[in-house]
Amino acid sequence: MHFSEEEVQQLIKAWAVLSFSFALAFTRSLPGLGVFSSFLFSGVTVGVSFVVHELAHKFLAQRFNCWAEFRSFDLGLLLTIFTAWTSGFIFALPGAVVISGITTNEENGKIAAIGPISNIVLSLLFYLAAVLWGPRLFLSYGGAINARLALFNLLPFGFMDGLKVYNWDLRVWVGLFGLALILNLGL
């Protein structure tokens with residue numbers, strides 16, 4: 001997998017903004033967790049979730065012989081900070097993997113599905129770790145954040161992954177959306 005210097009810079013920028021935004025939300029919802037601790041906490045849980053999601057898209061697109069690179073969306077990053085700062089609610093639009101190449105509807109659907117699938121897998125792993133090692137706040141939040149990222153990205157409208165999956169194979173979309181919904185309702 002090849003990364004340009006521009007892509008690495010944009011991934012780091014988006015990761016930092018998401019970490020800061022979630023840190024703002026965490027300091028509101030988790031009393032006693034300082035700003036620095038919140039930033040580290042969100043940097044790991046949210047950061048890993050975001051990077052794995054985006055790199056999953058990139059990797060599969062490249063497997064289908066497409067050019068693919070992450071690009072941040074500066075207005076979306078500002079909106080992410082603004083909503084976290086003013087309401088504690090996070091409306092995250094950090095950017096997306098830009099893909100160029102000829103793909104079939106099936107390949108496009110699979111490229112879109114792999115991001116939310118990665119979040120579903122991470123959610124299950126975080127929840128499993130919480131069961132095995134005790135309900136650690138870090139592990140529980142990791143599971144919940146990934147479940148929410150999967151569900152949000154599977155919404156079937158606009159430029160979301162969910163619409164591409166829905167247009168490719170309704171059964172796959174229903175299965176993934178249902179699993180993400182169950183994870184959000186709490187195993």
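Using N, Cα and C of the backbone, Cβ positions are placed for all residues, glycine too.
Because the structure is a prediction, the values reported are computed rather than measured.
Under the heading transmembrane segment, TrEMBL lists 36-56, 77-99, 111-130, 137-158, 170-186. Residues annotated as domain 'Peptidase M50' in TrEMBL: 44-131.
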The DSSP breakdown of the domain 'Peptidase M50' (44-131) into helix, strand and coil residues is 61 helix, 12 strand, 15 coil
Residues outside the transmembrane segment (137-158) whose C-beta sits under 8 Å from one of its C-beta atoms, at least 6 past its ends, are 22, 30, 41, 44-46, 48-50, 53, 92, 115-117, 119-120, 122-124, 126-127, 129-130, 165-166, 173, 176-177, 179-181, 183-184
